[in-house]
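K.L.:
Residues or ranges marked as N-acetylproline in Swiss-Prot (evidence: experimental evidence): 2. Look at Swiss-Prot and you will find 33 tagged as N6-acetyllysine. Annotation source Swiss-Prot lists phosphoserine at 90.
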């Protein structure tokens, strides 16, 4: 059950229409998870400073069970997410940062319980 959160200082007017759907599909492909299990949040218009600059930038937070826990996995994921984000948001790679958070099944609540018991 991947969670993807895109935070950017780009105004909402610069976020391409349908980005949430394309990011969901890309995440499912990149992490090899079913698309109907991916949760996407996009937060435009945030106040962000990166490398001492407020020029357009983005932070991507990727959390999931079992697929973001090693450097080898995340190197591959990173390359794919960077390709997607640079194309979709027209940002240079040095204006994007990705953070990966491995989750355990007991850390995600669903249907009145946690994923461990589903």
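Even glycines carry a Cβ here, placed using N, Cα and C.
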K.L.:
Note down the number of other Cβ atoms within 10 Å of the Cβ of residue 2 (N-acetylproline), including every protein chain shown.
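P.N.:
So the Cβ neighbour count for residue 2 (N-acetylproline) comes to 24.
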K.L.:
Around the Cβ of residue 33 (N6-acetyllysine), how many other Cβ atoms lie within 10 Å? Please give the count over every shown protein chain.
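P.N.:
Neighbour count, Cβ to Cβ under the 10 Å cut-off: 17.
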K.L.:
Just the number: how many Å between the Cα atoms of the residue listed as 'N6-acetyllysine' and the residue listed as 'N-acetylproline'?
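P.N.:
The separation of the Cα atoms works out to 8 Å.
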K.L.:
Between the Cα atoms of residue 2 (N-acetylproline) and the residue listed as 'phosphoserine', what distance do you get, rounded to the nearest Å?
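P.N.:
Distance (Cα to Cα, whole Å): 24 Å.
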